[in-house]
Amino acid sequence: MSQVILDLQLACENHAGLPDEAQFQRWLDGVIPQFQEEAEVTIRLVDEAESHDLNLTYRGKDKPTNVLSFPFEAPPGIEMPLLGDLIICRQVVEQEAQEQSKPLEAHWAHMVVHGSLHLLGYDHIDDDEAEEMESLETEIMLAMGYEDPYIAEKITE
């Protein structure tokens, strides 16, 4: 049986209306066990200022972003279940959901799925990688009972 341990950190000022720990756990459980049996993941919910600082420091982008993924790399020869950290910016997630006319819960779920796949080594730098990652995201989101998060983009193509 797989086990995903969640460390949820609420580092944003307003906690009202945030998904609860059980929801974050369900979303992680919908992704990670497909790829590995045991994992520990920290999800830190932050405000725009912290997201902006981290995005600038680690990605050179001078703005807040929806989700940042920081995979943990154990020293050679040491097996650890620590997968890494997801930093999710509440304001950006809420703004994107509204702009994209997506249910807020579904967008939160998508950010956890997307970030978790990054922790597992997936990326979207080139078109082939993006297609593979988006296909996995869609499959996982549908399996959890949500719509395809890329449906609007597919309709306009």
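Using N, Cα and C of the backbone, Cβ positions are placed for all residues, glycine too.
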Next item on the list: Check Swiss-Prot for me: it has HIS114, HIS118 binding Zn(2+), so pick out which one of HIS52, HIS124 it puts in that same site.
Entry: HIS124
Check: Whose Cβ, among the binding-site residues HIS114, HIS118, HIS124, has more other Cβ atoms within 10 Å than any of the rest?
Finding: HIS114
